[in-house]
Amino acid sequence: MIGGIFPVFNKEISNTYTFEREPPGVKCAGFDLRAFQWSQVMIFSIEEINKDPALLPNISLGYKILNSCSSPTNTLRAALTLAGRPEETESTLPCPPAISALIAESGSSQSLVVAGMLGPFQVPIVSYFSTCACLSNRLEYPSFFRTIPSDYFQAKALAALVKHFGWQWIGVIQSDEDYGRNGILAFSEEVKKFGVCIAFVEKVLRTYTMDKILNVVEMIKQSTVNVILAFAAEGDFYPLMKEVIKQNITGIQWIASEAWITASRISTPETYQSFGGALGFALQRMAIPNLKPFLAGISPYKDPSAAFVRDFWEIMVGCRPVLPGEYIDAEATNVICKGNETLINFQDVFFNVTQLRETYNVHKAVYAIAHALHQLVFCQPAGEKPVKPCLNVSEIQPKQVTEHLQRVNFKNEFGDHIYFDKNGDPPASYDIINWQLSDGQVEHVTLGHFASDTNGDYKLSIQEEHIVWRTGNMVPTSVCSDVCPVGTRKAQIKGKPTCCFDCIPCADGTIANLTGAADCTPCPQEFWSNERKDQCIPKTVEFLTYHEPMGIAITVVSILGASLSLATIMVFFHYRETPVIKASNSELSCFLLFCLFLCFLCPLTFIGRPTVWTCMLRHTAFGVTFALCISCVLGKTIVVVTAFKATVPGNKIARKFGPAQQRIIVFSCTLIQIVICILWLELKPPFPDMVFRYSNKKIVLECNTGSEAAFYAVLGYIGLLAITCLVLAFLARKLPDNFNEAKFITFSMLIFCAVWITFIPAYISSPGKFTVAVETFAILSSAFGLFICIFAPKCYIILIKPEKNTKRHVMGKI
């Protein structure tokens, strides 16, 4: 005996006693043709097996089918009725009254209560339409099997479909029961991996009030989503569908779960106006031979006691069958059948057996139980050489059937491989269904497939070009926020899902060269972002060049100073025998002029792209030439002071400072600076450096001093020589006015010291190439200060006032 529970009537309306076709104490309404077809396929399959001499020879299968009203409570009541062993059973019956297996139920909530109640007693339950992944828990439901894949796999399939079309912002409607709750939970976990956001989750149920349905409709109308997944049973979703159609809500791309995508009741031209183009997954279709004649042969006149047949006949034929001798209520409004009606030529979808999906699962469930019974009774799989039974039929226990169901593994006549994994689940495989309109009728067109490959990975294949979309020929888009363009990044909006964001331009120095970037990427140090912030471009390299005005000015002034120095040397050489030249120590003066010539050329090393050699040359050349220059001035100062401080002409003090001593002073003072520079170059030499701190968009190329201490040591030594000169020259301030070279030296040293004292803070605070400009300005200013103060008066007398170029004038005598 095999039990069957089907939601032939899908709504409970009262709690009064009624016919045996329903559990005691229940009145149901809403006849479901699809569920009735399932029950008839169970009967058809059992009769087919009983006629098969090889599957269960000499054993007959019986059945008892009850209605569940799509209610968990009524399903449990029906299951207990079937599983029990009534005391009033006659001992002469050929079959034991208790069932060996139960085929139930379509709804996951109903199957959960049945599996939970009968599981501890090891009564095998095989479901044909319960997909909740929770039923795969072998610890809680050890005797539950099913011929439909778990929602775990459907959730993967739906998530893969959403990912395939790039939908990032979707709405969800679920049945307010285990099927919907667990299905959406699994789906949500899958789509999160792809960055998909769920805008809303609304619930529906066939017993909901109209107010609740209207609230869901209002949410759909107010939402910005263009794609909505309805993970709900057909009966739960149907009230919402009617209201959506009534309010003419169109333009939404619906995604369907397998529970309603192929349901015939809702696949009508009226429904198509709002739900046309729906996409979803359905079980693979199959045709069952000889089933159509069986269905067409259903008649209340063949077996008056057959459950549900009279209700089916009233709906299908449109009249109420009356059997001979049956009382006819005169007040009844139903049309009375004549008795000659037939279903042979009916074209209703009920009789279309070429695309069976859930119905085929009932067929597989019956055959799986039959194969398990064969293994149990004959101790070998069906199809092998028949042997004698190894177990008496009366000894069969439900626990044994459960154990052998787990071992079932066969291919049926359609080539379909039927087996159950360790969780009682079959292999997962789905067709992709698209609602299309053809000749005024809704067709469920198969456009793809979702199944596992040999590695256990699931792959989606779809004929996208043949899809009929609700929104037209283009794939609909559904995003909360448009993809951020290049040059911008996502900025999460507080309190909203991750798919809702603002697009913020990248900060300077960062880029986003891909659309939809979560963050901007910083450019490398040598690069900067362009205006669009989508590309890193090289920064502008800045250094003092000969082509810019500042470089040209420095070059011109430097060459002018060098030229004046050479010209003055030539003048001194030409007038070397005159009193002014002789009195000014011509050797030191010419040497000083040569040093000034080198000082004027020093700024040229500061112009151009810094290199290792130019960096070492510019600082050391500057240090040595200025030390040499100031040493010459120091030598002249000492000569002047000693010469005019001697009280008697020809004094020994004056003779001690002859040309040799002057050369020694110049050489020794310069040597100290040379030693400092050598140590500088050996220990921490200057080097070319890229400086980024002055500007984000520029790289300043400059010479790093290497050692700040060495640099300031060079400047400090030059300053020490200059101060020494200043002090000595100051001591000779009262010498004769006509020729008092100490006065000019004092003034030149004052200028020199003022320039370099001012240089230090200006040098530190000047950015970029202006640092080089400040240093060259200090060099040229101090060099011109020395040149003008010391040599301009002499050149004035020699060239402009030659009458004063006499010994008497030089000695201050009139």
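Cβ coordinates are placed from backbone N, Cα and C, and glycine is handled just like the others.
Caution: TrEMBL annotation is automatic and unverified by curators.
Quick caveat, the model's predicted, so the values are computed rather than measured.
The domain 'G-protein coupled receptors family 3 profile' annotation in TrEMBL covers 550-814. Residues or ranges marked as transmembrane segment by TrEMBL: 550-575, 587-608, 620-644, 664-681, 709-732, 744-764, 776-799.
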Stretch in 550-575, 587-608, 620-644, 709-732, 744-764 most in contact with the transmembrane segment (776-799), if contact is a CB pair under 8 A: 744-764
Stretch-averaged pLDDT - the domain 'G-protein coupled receptors family 3 profile' (550-814): 81
Best-contacting stretch, by C-beta pairs under 8 Å, relative to the transmembrane segment (587-608) and drawn from 550-575, 620-644, 709-732, 744-764: 550-575
Proximity verdict for the transmembrane segment (709-732) and the transmembrane segment (744-764), three or more C-beta pairs under 8 Å: yes
